[in-house]
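Participant: Sharing a structure, written as C-alpha coordinates. Questions coming.
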Amino acid sequence: MASAYSLPPLPYAYDALEPSISKQIMELHHGRHHQAYVTNLNAALQSAAAASADVAAQIALQQAIRFNGGGHINHSLFWENLTPASSPDADLTAAAPRLAAALAATWGSVEAFQKAFAAALLGLQGSGWGWLVKDTAHGGALRIVTTKDQDPVVGAETPVFGVDMWEHAYYLQYLNGKAAYIENIWKVINWKTAERRFVGGRDDVFKALRASI
(Lines of atoms letter the chains of each structure in order from A and count residues from 1; the text may use other names and numbers.)
(Lines give C-alpha, C1' and ligand atoms only; values in the text may rest on other atoms or scores of the structure.)
Protein backbone atom coordinates (compact mmCIF):
# COMPACT_ATOMS: atom_id res chain seq x y z
CA MET A 1 0.00 0.00 0.00
CA ALA A 2 1.15 3.57 -0.74
CA SER A 3 2.07 5.85 2.12
CA ALA A 4 -0.93 7.01 4.10
CA TYR A 5 -2.34 10.45 3.44
CA SER A 6 -2.03 13.04 6.19
CA LEU A 7 -3.78 16.22 7.25
CA PRO A 8 -1.95 19.22 5.76
CA PRO A 9 -1.19 22.04 8.20
CA LEU A 10 -3.03 25.30 7.68
CA PRO A 11 -0.93 28.11 6.18
CA TYR A 12 -2.28 30.47 8.88
CA ALA A 13 -3.51 30.32 12.48
CA TYR A 14 -7.00 29.08 13.35
CA ASP A 15 -8.09 32.60 14.28
CA ALA A 16 -6.48 34.28 11.27
CA LEU A 17 -9.65 34.42 9.17
CA GLU A 18 -11.78 36.12 11.82
CA PRO A 19 -14.25 37.75 11.68
CA SER A 20 -15.16 36.17 8.33
CA ILE A 21 -14.66 32.63 9.66
CA SER A 22 -14.42 32.04 13.39
CA LYS A 23 -11.61 30.28 15.20
CA GLN A 24 -14.10 27.70 16.51
CA ILE A 25 -15.24 26.79 13.01
CA MET A 26 -11.69 26.56 11.72
CA GLU A 27 -10.59 24.31 14.58
CA LEU A 28 -13.50 21.94 14.01
CA HIS A 29 -13.48 22.14 10.24
CA HIS A 30 -9.77 21.45 9.84
CA GLY A 31 -8.96 19.40 12.93
CA ARG A 32 -12.10 17.25 13.05
CA HIS A 33 -13.93 17.21 9.72
CA HIS A 34 -10.95 17.24 7.38
CA GLN A 35 -9.08 14.84 9.65
CA ALA A 36 -12.04 12.46 9.45
CA TYR A 37 -11.86 12.42 5.65
CA VAL A 38 -8.14 11.63 5.83
CA THR A 39 -8.63 8.88 8.42
CA ASN A 40 -11.50 7.28 6.53
CA LEU A 41 -9.70 7.53 3.19
CA ASN A 42 -6.65 5.75 4.57
CA ALA A 43 -8.86 3.05 6.10
CA ALA A 44 -10.72 2.52 2.81
CA LEU A 45 -7.49 2.32 0.82
CA GLN A 46 -6.02 -0.13 3.31
CA SER A 47 -9.15 -2.29 3.04
CA ALA A 48 -8.99 -2.13 -0.75
CA ALA A 49 -5.37 -3.25 -0.73
CA ALA A 50 -6.19 -6.13 1.60
CA ALA A 51 -9.08 -7.18 -0.65
CA SER A 52 -7.19 -6.89 -3.93
CA ALA A 53 -8.40 -10.31 -5.10
CA ASP A 54 -12.04 -9.68 -4.14
CA VAL A 55 -13.77 -7.76 -6.93
CA ALA A 56 -17.03 -7.37 -5.00
CA ALA A 57 -15.20 -5.91 -2.01
CA GLN A 58 -13.26 -3.55 -4.27
CA ILE A 59 -16.49 -2.27 -5.80
CA ALA A 60 -18.10 -1.84 -2.39
CA LEU A 61 -15.18 0.34 -1.24
CA GLN A 62 -15.25 2.73 -4.19
CA GLN A 63 -17.90 5.02 -2.70
CA ALA A 64 -15.90 5.45 0.52
CA ILE A 65 -12.74 6.18 -1.47
CA ARG A 66 -14.53 8.67 -3.70
CA PHE A 67 -16.29 10.47 -0.85
CA ASN A 68 -13.36 10.69 1.55
CA GLY A 69 -10.77 11.19 -1.16
CA GLY A 70 -12.85 14.01 -2.59
CA GLY A 71 -13.21 15.52 0.86
CA HIS A 72 -9.45 15.44 1.33
CA ILE A 73 -8.77 17.02 -2.07
CA ASN A 74 -11.45 19.69 -1.77
CA HIS A 75 -10.47 20.80 1.71
CA SER A 76 -6.76 20.83 0.88
CA LEU A 77 -7.49 23.15 -2.04
CA PHE A 78 -9.87 25.24 0.08
CA TRP A 79 -7.39 26.01 2.87
CA GLU A 80 -4.85 27.17 0.31
CA ASN A 81 -7.31 29.53 -1.38
CA LEU A 82 -8.04 31.40 1.87
CA THR A 83 -5.87 34.03 3.56
CA PRO A 84 -6.26 36.64 6.31
CA ALA A 85 -8.14 39.76 5.20
CA SER A 86 -5.11 41.86 6.17
CA SER A 87 -2.83 39.97 3.76
CA PRO A 88 -1.88 41.61 0.46
CA ASP A 89 -2.90 38.31 -1.13
CA ALA A 90 -6.54 39.18 -0.32
CA ASP A 91 -6.42 42.17 -2.68
CA LEU A 92 -7.79 40.96 -6.02
CA THR A 93 -6.51 43.87 -8.11
CA ALA A 94 -2.95 43.73 -6.78
CA ALA A 95 -2.58 39.97 -6.30
CA ALA A 96 -4.41 38.66 -9.37
CA PRO A 97 -4.40 41.21 -12.21
CA ARG A 98 -4.74 38.62 -14.99
CA LEU A 99 -7.58 36.81 -13.25
CA ALA A 100 -9.33 40.09 -12.43
CA ALA A 101 -9.21 41.07 -16.09
CA ALA A 102 -10.55 37.67 -17.15
CA LEU A 103 -13.40 37.86 -14.63
CA ALA A 104 -14.40 41.28 -15.93
CA ALA A 105 -14.16 40.12 -19.54
CA THR A 106 -16.31 37.05 -18.86
CA TRP A 107 -19.00 38.49 -16.59
CA GLY A 108 -18.80 42.20 -17.37
CA SER A 109 -17.35 43.12 -13.98
CA VAL A 110 -15.89 41.47 -10.90
CA GLU A 111 -19.03 42.46 -9.01
CA ALA A 112 -21.21 40.70 -11.58
CA PHE A 113 -19.06 37.58 -11.25
CA GLN A 114 -19.40 37.64 -7.46
CA LYS A 115 -23.17 37.97 -7.78
CA ALA A 116 -23.33 35.03 -10.20
CA PHE A 117 -21.05 32.93 -8.00
CA ALA A 118 -23.17 33.66 -4.91
CA ALA A 119 -26.33 32.72 -6.81
CA ALA A 120 -24.79 29.38 -7.79
CA LEU A 121 -23.78 28.66 -4.19
CA LEU A 122 -27.19 29.60 -2.82
CA GLY A 123 -28.80 27.39 -5.46
CA LEU A 124 -27.04 24.27 -4.18
CA GLN A 125 -29.51 21.78 -2.75
CA GLY A 126 -28.01 20.00 0.22
CA SER A 127 -24.25 19.84 0.71
CA GLY A 128 -21.63 20.64 -1.87
CA TRP A 129 -19.07 23.06 -3.22
CA GLY A 130 -18.95 26.04 -5.54
CA TRP A 131 -15.96 26.48 -7.83
CA LEU A 132 -14.50 28.93 -10.26
CA VAL A 133 -12.81 26.76 -12.89
CA LYS A 134 -10.75 27.24 -16.01
CA ASP A 135 -12.09 24.95 -18.73
CA THR A 136 -9.08 23.93 -20.80
CA ALA A 137 -11.32 21.95 -23.16
CA HIS A 138 -12.88 25.25 -24.23
CA GLY A 139 -9.89 27.53 -24.62
CA GLY A 140 -9.36 28.20 -20.92
CA ALA A 141 -12.76 29.83 -20.47
CA LEU A 142 -13.78 30.64 -16.91
CA ARG A 143 -16.92 28.97 -15.60
CA ILE A 144 -18.80 28.65 -12.33
CA VAL A 145 -19.60 25.06 -11.40
CA THR A 146 -20.99 23.28 -8.36
CA THR A 147 -20.20 19.78 -7.14
CA LYS A 148 -22.35 17.66 -4.88
CA ASP A 149 -21.25 16.32 -1.51
CA GLN A 150 -17.46 15.84 -1.72
CA ASP A 151 -17.14 15.30 -5.46
CA PRO A 152 -14.00 17.10 -6.68
CA VAL A 153 -13.53 19.05 -9.89
CA VAL A 154 -12.62 16.53 -12.60
CA GLY A 155 -11.86 16.30 -16.30
CA ALA A 156 -10.38 19.24 -18.16
CA GLU A 157 -11.43 21.80 -15.56
CA THR A 158 -8.78 23.46 -13.40
CA PRO A 159 -10.07 24.62 -9.99
CA VAL A 160 -9.14 28.29 -9.50
CA PHE A 161 -10.80 28.53 -6.10
CA GLY A 162 -13.63 26.84 -4.25
CA VAL A 163 -16.05 27.58 -1.43
CA ASP A 164 -17.30 24.89 0.94
CA MET A 165 -21.09 25.00 1.30
CA TRP A 166 -21.43 22.17 3.79
CA GLU A 167 -23.11 23.37 6.98
CA HIS A 168 -20.01 22.56 9.01
CA ALA A 169 -18.24 25.38 7.13
CA TYR A 170 -20.53 28.13 8.41
CA TYR A 171 -23.42 27.05 10.64
CA LEU A 172 -21.84 27.61 14.08
CA GLN A 173 -21.26 31.24 13.13
CA TYR A 174 -23.90 32.13 10.56
CA LEU A 175 -26.69 29.64 11.39
CA ASN A 176 -28.86 29.52 8.26
CA GLY A 177 -27.42 32.80 6.94
CA LYS A 178 -25.63 31.35 3.95
CA ALA A 179 -25.74 34.65 2.07
CA ALA A 180 -23.81 36.40 4.86
CA TYR A 181 -21.20 33.61 4.88
CA ILE A 182 -20.71 34.02 1.14
CA GLU A 183 -20.53 37.80 1.39
CA ASN A 184 -17.84 37.63 4.06
CA ILE A 185 -15.76 34.91 2.48
CA TRP A 186 -14.81 37.30 -0.33
CA LYS A 187 -12.75 39.18 2.26
CA VAL A 188 -10.48 36.16 2.84
CA ILE A 189 -10.02 34.71 -0.65
CA ASN A 190 -6.35 34.21 -1.47
CA TRP A 191 -6.24 35.83 -4.88
CA LYS A 192 -2.52 35.19 -5.25
CA THR A 193 -3.20 31.45 -5.10
CA ALA A 194 -6.16 31.87 -7.46
CA GLU A 195 -3.96 33.77 -9.93
CA ARG A 196 -1.34 31.02 -9.84
CA ARG A 197 -3.95 28.35 -10.53
CA PHE A 198 -5.52 30.43 -13.29
CA VAL A 199 -2.22 31.08 -15.05
CA GLY A 200 -1.03 27.50 -14.60
CA GLY A 201 -2.74 24.29 -15.54
CA ARG A 202 -4.51 21.45 -13.83
CA ASP A 203 -1.27 19.50 -13.49
CA ASP A 204 0.33 22.47 -11.71
CA VAL A 205 -2.56 22.74 -9.25
CA PHE A 206 -2.50 19.09 -8.34
CA LYS A 207 1.29 18.85 -8.29
CA ALA A 208 1.25 21.48 -5.54
CA LEU A 209 -1.59 19.66 -3.82
CA ARG A 210 0.25 16.34 -3.83
CA ALA A 211 3.25 18.02 -2.25
CA SER A 212 1.12 19.32 0.63
CA ILE A 213 -0.79 16.12 1.49
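Keep in mind that glycine also has a Cβ here, set from the backbone N, Cα and C atoms.
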Participant: His72, His75: which one does TrEMBL list with His29, Asp164, His168 for the Mn(2+) site?
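Facilitator: Checking His72, His75 against TrEMBL: the Mn(2+) site match is His75.
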Participant: Cβ within 8 angstroms of the Cβ centroid of His29, His75, Asp164, His168: which residues besides those meet this for the Mn(2+) site?
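Facilitator: Sorted by sequence, the hits are His30, His33, His34, Phe78, Trp166, Ala169.
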Participant: Does DSSP give His75 (Mn(2+) binding site) helix, strand or coil?
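Facilitator: Note: His75 (Mn(2+) binding site) is helical by DSSP.
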Participant: Cβ distance under 8 Å to His75 (Mn(2+) binding site), same chain, sequence separation 6 or more: which residues?
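Facilitator: Expected: His29, His30, His33, His34, Tyr37, Asp164.
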Participant: If you draw a 10 Å sphere around the Cβ of His168 (Mn(2+) binding site), how many other Cβ atoms fall inside it, taking every protein chain shown into account?
Facilitator: 14
Participant: When the domain 'Manganese/iron superoxide dismutase C-terminal' (98-197) is classified with DSSP, how many of its residues are helical, how many are strand and how many are coil?
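Facilitator: Computed counts for the domain 'Manganese/iron superoxide dismutase C-terminal' (98-197) are 51 helix, 25 strand, 24 coil.
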